[in-house]
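The structure appears below as structure tokens.
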Amino acid sequence: MGGTSSVRIALVFPDLLGTYGDRGNVAVLAERLRLRGVDSEVIECNVGDFVPADCDIYMVGGGEDVAQLVAVRHLRRQGTLAAAVERGAVVLAVCAGMQIIGTSFVGTEGVVHGGLGLLDVSTRPMPKRAIGELVVRPTSLFGDELLTGFENHGGCTYLGPDASPLGAVVSGVGNGVNGVDGAVQGRVVGTYLHGPCLARNPRFADKLLTWVTGTELASLSIPEVEALRAERLRAVGVR
Ligand SMILES: NC(=O)CC[C@H](N)C(=O)O
């Protein structure tokens, strides 16, 4: 954990990649650590700030097409997110976040832009924007509980050979290719699940945290969180 006992959580450019409420993922991580008696520090990096390379876990959220272009340029110039991944840091990148940490994405006016290349995925426009609830059955690495969230994107994301899907789409669109959502490559995870994703899927949050702490975490039972999950799954007729 970065050489200290406190988990360092970076929130990457919420002023650009904060359109869909994904900053809530940071609050969930910090709170689930606090409930286990583990200290954390949230480092919020707005555009123009330097993203430190020594954080334990990085949250990259969703945003508009132009904003994600600005974000990727800054991140590439800084090089720190790539350095952190090289060091084994954990990344959760949602929607535009996943697109920009991939190898390429198509921006406004059909121009192809290079991504950071931290995840072997490439994104192209979809014929029809995907908007609505998204339910995903994760691969066994992430347990046996359905992941719930909402999606709102025009990009269709293709996996390259170095990435594997986060899971199979049960309801909604996800990546828009091969019936899967997201991508996983080492400790870098991408998904189209907003929600915030970790608020709706606490076991997923804990999985990422065990990668950071290197230990199993005591289970937590928070009735409000379970009620939210159940309500969201019921809304799309999944249980
Ligand atoms: N929700 C998002 O982050 C949107 C990402 C991207 N701008 C798209 O529409 O595909």
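Cβ coordinates come from backbone N, Cα and C, glycine included.
Quantities reported herein were computed from a predicted structural model and do not represent experimental measurements.
Annotation comment: TrEMBL describes 8-201 as domain 'CobB/CobQ-like glutamine amidotransferase'.
Residues annotated as active site, nucleophile in TrEMBL: C95. Look at C95 (active site, nucleophile): DSSP puts it in coil. Around the Cβ of C95 (active site, nucleophile), the number of neighbouring Cβ atoms within 10 Å comes to 29.
Annotated substrate binding site per TrEMBL: R129, in sequence order. For the recorded site, R129 (substrate binding site), the DSSP three-state label reads strand. Close to R129 (substrate binding site) in the fold, though at least 6 residues off in sequence, lie N152, H153, G154, each with a CB less than 8 Å from its CB.
Positions annotated as active site by TrEMBL: H194. Spatially close to H194 (active site) yet at least six residues away along the chain are Y20, G21, D22, G62, V94, C95, G149, F150, E151, N152, judged by Cβ distances under 8 angstroms.
When pLDDT is averaged over the domain 'CobB/CobQ-like glutamine amidotransferase' (8-201), the result is 97. Mapped onto three states, the DSSP output places H194 (active site) in strand.
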